[in-house]
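Asks: Handing you a structure now.
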Amino acid sequence: MAETKIVVGPQPFSVGEEYPWLAERDEDGAVVTFTGKVRNHNLGDSVNALTLEHYPGMTEKALAEIVDEARNRWPLGRVTVIHRIGELWPGDEIVFVGVTSAHRSSAFEAGQFIMDYLKTRAPFWKREATPEGDRWVEARESDQQAAKRW
């Protein structure tokens, strides 16, 4: 039975606490995880903090649709998507994606697909605090290109 966990909120998460739920199914031979962190730099500038905003309800729906699309493309077991919001600092974890499948290729591809689509289709907005002031982070062309390959 396929199971999905989607969480959007300000609370920190623990990769060590998320992994056991992903790994407990004996029918899954592969567990792939990705964790994204706040960098201390972007576009050549120092980043002191990152504020993430979202559209409540719509964001969770968009993430569920992305996971459903991944499930339609690959035979997946469990999927976890966690995305933090609020003010974060360099080194803080922002996003966690965990995917299980019977085989590694499906798990790797689905995890990458989910991240590529999350970056381009989920309604999140980022504002960076730099020494020169705050600025909104615009979508990257490289993220759009990554999503197009699917």
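A Cβ is built for glycine as well, from the same backbone N, Cα and C atoms used for every other residue.
Just so it is clear, the model here is predicted, and its values are computed rather than measured.
Annotations for this protein, taken from Swiss-Prot, read as follows:
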type	residues	note
BINDING	LYS37, VAL38, ARG39, HIS103, ARG104, LYS119, LYS126, ARG127, GLU128	substrate binding site
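How about a rundown of where these features are and what they're close to?
Replies: Annotation note: GLU128 (substrate binding site) sits in a strand segment as assigned by DSSP. In sequence order, ASN42, ASP45, VAL47, ALA49, LEU50, ASP134, ARG135, TRP136, VAL137 are the residues near GLU128 (substrate binding site), counting only same-chain partners six or more apart with C-beta under 8 A.
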Asks: Would you identify which of the binding-site residues LYS37, ARG39, ARG104, LYS126 has the most other C-beta atoms lying within 10 angstroms of its C-beta?
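Replies: Most Cβ neighbours within 10 Å: LYS126.
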